[in-house]
Ligand SMILES: Nc1ncnc2c1ncn2[C@@H]1O[C@H](COP(=O)(O)OP(=O)(O)OP(=O)(O)O)[C@@H](O)[C@H]1O
Ligand SMILES: [Mg+2]
């Protein structure tokens, strides 16, 4: 069974909601799916976990894994990991990511790993999310927006993956508003046309979307789960 690294064209595009909803759909199908957010930054949440993303992923996949296994690196500042490590004088030890990933991969049949920010988010001065995906050895799923500007961001993300030897499983177009303008309506088709990458599915903009669970019915309906599993 394959595992995936979920990246996005930007921060806030829906990586966590997509990953959590997908993990929950797979878990409901009886798949032993594990989750990971190797690097997180931000203000400590009140969820019992330092990072809100980690708490969402943990509860969606219904895993018993420890917080520091799912999220080996947390820096308590809402900035990029590289800035956080500079400001807080923390070192970035990528070894711990691979140690925990190897452990979790043995415990689960499939792993969904959420990145941080986008593909070129710096983890250190010269080590980027793209390098992490390559080193961890997973195919990536790119979450993108559907609104104006997405062609530029998606193309840059796809080209960066290709230039870094990161293999792309497909693209998920999130926050799609079918009543949107012509650019938005066409975006999934045009993204596929110009990148040649498969569109795994289009997830609509859901009004009052306050939980990944709101997105789950659209994952079931709009994404070919079997193609991700086999
Ligand atoms: N399909 C959707 N419809 C409506 N709102 C959505 C949808 N998907 C995500 N959102 C909203 O966008 C917000 C950001 O989504 P999410 O946290 O998944 O992004 P992210 O890419 O993981 O961000 P980060 O870079 O901080 O990890 C969510 O809090 C949610 O409210
Ligand atoms: Mg997130």
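Please read every residue number as a count from 1 along the shown chain.
Every residue gets a Cβ built from N, Cα and C, even glycine.
Annotation source TrEMBL lists active site at 37. Around residue 37 (active site), the same-chain residues at least 6 positions away in sequence with a Cβ under 8 Å from its Cβ are 51, 53, 54, 57, 70, 71, 113, 114, 116.
According to TrEMBL, the feature ATP binding site maps to 12-17, 53, 114-117, 174-175, 204-206. Applying an 8 A CB threshold to same-chain residues 6+ apart, the list for residue 14 (ATP binding site) reads 8, 143, 172, 174, 175, 203, 215.
Taken from TrEMBL, the feature Mg(2+) binding site applies to 16, 53, 114. In three-state terms derived from DSSP, residue 53 (ATP binding site) belongs to a helical segment. Within 10 Å of the C-beta of residue 53 (ATP binding site) we count 24 further C-beta atoms, all protein chains included.
Under the heading substrate binding site, TrEMBL lists 41. Non-local neighbourhood of residue 41 (substrate binding site): 74, 75, 76, 77, 78, 79, 80, 81, 84, 116, each in the same chain, at least six residues away, with C-beta under 8 Å from its C-beta.
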In all the protein chains shown, the tally of other Cβ atoms within 10 Å of the Cβ of residue 115 (ATP binding site) is 24
Near ligand 2 by the Cβ criterion (under 6 Å), the recorded positions from 16, 37, 41, 115, 175 are 16
Fewest C-beta neighbours within 10 angstroms among the binding-site residues 12, 117 belongs to 12
